[in-house]
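Below is one structure, written out as structure tokens, with a few remarks after it.
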2 protein chains.
Amino acid sequence: MRELAGSPGTWSGLSLRVGQLVFAAASVCATASALGFAAYTAFCYLIASMGLQALWSLGLACLDCYALKFKKDLHSAVLLSLFVVGDWVTAILSFAASCSAAGVVVLFDRDIYACRNPQLPCGRFELAIACAFLSWAFSATSALVMFWLLASL
Amino acid sequence: MRELAGSPGTWSGLSLRVGQLVFAAASVCATASALGFAAYTAFCYLIASMGLQALWSLGLACLDCYALKFKKDLHSAVLLSLFVVGDWVTAILSFAASCSAAGVVVLFDRDIYACRNPQLPCGRFELAIACAFLSWAFSATSALVMFWLLASL
């Protein structure tokens, strides 16, 4: 089971972390550059959640680099439990933030037609949500791999 | 591993299914009784997703009853894979629907103060979302148990 793609301390694991980090950072930048985002709770929550996701992924990416450089094994039960809890918490928070922001943008766009107002940057909000969903997809993959590794220890 | 609480074909598994079914049905009723819900995509999606959740849980509850009555074993790899896929799909859809509806209600309540309009049944929407989150909690528990069982086969 140690050869599972996406395991901690492998190149595939590191690439998953880099993917999470890049898309989470892109989502934070897209939200922060949308004028007036702070007036909406859903977008404030999205920026907070993506910030947490980026920090967690950065930490794990550094740990993966260290393990790859010094050929350390990161498959102990204690470390895997920590990764499982952290990955699941960040993945669930990211998904909740993406879905609630998506719910608000769909309301603006299709239900109350607020996106016809050119002052509301719906395009940037949509870009931020797309990046957040991509970051969540990488994060969910990591979380599933960690859970599978822990279950098959 | 066959004694894990929440396994298919056990009383704990059946109680999880009944919990999912009851809260999903309560969420559908609360949404359907809120006047004007059909004007909002998020609530239409919530009702569709909770309907699917209720149908899936009803089917699995019937299967659990059958297994309990005739003492059948539901732990084959094929059946567990089917339960894992079905549970994960319904759990993810339920969570997405709950979060997007919650995002819209938070927007109504805190950001644009639409809940001050007495014609908007925010209380019923909140009740529907609370039931949907409870149904999701039971569904996520089932999904995790199934995944754990499949990983440790």
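Glycine residues also receive a Cβ, built from the backbone N, Cα and C atoms like all the rest.
The shown structure was predicted, so the numbers you read here are calculated from the model rather than taken from an experiment.
Going by the topological domain names that Swiss-Prot assigns, A:A5 and A:C65 belong to one and the same side of the membrane. Sequence-distant contacts of the transmembrane segment (A:77-97), counting only residues of its own chain at least 6 positions beyond either end whose CB sits under 8 Å from a CB of the stretch, comprise 8, 24, 42, 45-46, 48-50, 52-53, 56-57, 60, 132, 135-136, 139-140, 142-143, 146-147, 149-150, 153. In the topological domain 'Cytoplasmic' (A:1-20), helix, strand and coil residues by DSSP number 10 helix, 0 strand, 10 coil.
The DSSP breakdown of the topological domain 'Extracellular' (A:98-128), given as helix, strand and coil counts, is 24 helix, 0 strand, 7 coil.
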